[in-house]
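Taken straight from TrEMBL:
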type	residues	note
ACT_SITE	10	active site
DOMAIN	66-143	domain 'GHMP kinase N-terminal'
BINDING	94, 95, 96, 97, 98, 99, 100, 101, 102, 103, 104	ATP binding site
ACT_SITE	136	active site
DOMAIN	198-275	domain 'GHMP kinase C-terminal'
Ligand code: C5P
């Protein structure tokens with residue numbers, strides 16, 4: 001049997017770190033949404049009990065260090081499964097980019113294996129298992145638009161932003177999420193995103209307010225490590241972006257643009273400055289999840 005799952009990239013409309021917890025993680029508040037740029041995860045039943053993994057990109061581990069492999073292994077252990085699987089990752093989302101590419105691969109592997117092995121687990125149960133793999137995995141199990149709190153595992157489903165285009169630009173150098181959080185001093189943060197106002201703007205479907213309220217406390221830190229982040233931000237505004245922000249711990253910078261023609265022109269203008277540039281649509285509510293449901297993984 002063979003199953004295919006999409007693993008979309010996410011962007012942060014907001015990212016706030018409230019304080020550093022005793023376990024070393026930061027207590028976060030983030031509004032995240034998915035965009036139409038996705039890896040494809042193919043899962044194939046095999047006669048042996050092995051987990052085999054290959055990826056179209058040499059930039060991700062092809063062994064047990066890959067988050068998709070870890071997800072399959074953990075699910076097997078938790079559910080007492082002996083069957084093996086061949087995992088193939090067709091990689092389209094930039095790596096070490098702040099777009100949750102690896103977490104989304106892990107989440108898609110959990111969703112796909114739940115079907116392949118007929119486990120009948122709910123998204124909530126898959127998200128709970130996923131939280132042991134990485135902080136963004138629970139969100140990626142659900143996708144769509146959500147407020148994530150805690151380490152990232154406490155989720156509240158939000159309305160999807162109004163239809164628009166997202167231009168993504170990833171500087172050559174990736175950054176380590178742990179390094180960026182490691183350099184963050186929460187008590188020294190100068191500007192924080194107004195998360196509750198962003199949530200109101202999503203409920204009102206107020207595109208202008210959404211573009212104005214975007215904010216990420218990690219942006220100044222990654223900008224310091226990777227000066228291309230600032231340069232790309234300036235260029236995107238210069239080329240007509242409605243709003244620009246770094247996603248996650250970066251270094252990918254995204255622009256929201258209301259029209260396709262403008263998004264395509266921005267991509268052409270940015271190509272000279274940045275090797276990886278995409279214009280994609282904001283993703284609509286794919287899973288038709290009930291609005292405003294609190295989902296605690
Ligand atoms: O959970 P994950 O392995 O994706 O996190 C990567 C790193 O990001 C962690 O080791 C930690 O340094 C940092 N992090 C954090 N607070 C969070 C999530 C991640 O400090 N809520």
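Glycine is treated like the rest: Cβ placed from N, Cα and C.
No curator has checked TrEMBL annotations; they are predicted automatically.
If you average pLDDT over the domain 'GHMP kinase N-terminal' (66-143) in this model, you get 97.
Within 10 Å of the C-beta of residue 102 (ATP binding site) we count 28 further C-beta atoms, all protein chains included. One way to see the shell of the ATP site is to take the Cβ centroid of 94, 95, 96, 97, 98, 99, 100, 101, 102, 103, 104; the remaining same-chain residues with a Cβ within 8 Å of it are 9, 93, 248. In terms of DSSP helix, strand and coil, the domain 'GHMP kinase N-terminal' (66-143) has 43 helix, 7 strand, 28 coil. The two recorded residues, residue 96 (ATP binding site) and residue 10 (active site), have Cα atoms 13 Å apart. The separation of residue 10 (active site) from residue 94 (ATP binding site), Cα to Cα, is 11 Å. A straight line from the CA of residue 10 (active site) to the CA of residue 98 (ATP binding site) spans 8 Å. In sequence order, 7, 8, 9, 10, 38, 39, 93, 136, 140 make up the list of same-chain residues 6 or more apart from residue 104 (ATP binding site) whose Cβ falls under 8 Å from its Cβ. Proximity of residue 98 (ATP binding site) to non-local residues of its own chain (separation of 6 or more, Cβ distance below 8 Å) is seen for 12, 175, 177, 222, 246, 247, 248, 249, 250, 251, 252, given in sequence order. Ranking the binding-site residues 96, 100 by other CB atoms within 10 A of the CB puts 96 at the bottom. Within 10 Å of the C-beta of residue 10 (active site) there are 28 other C-beta atoms, taking all protein chains into account.
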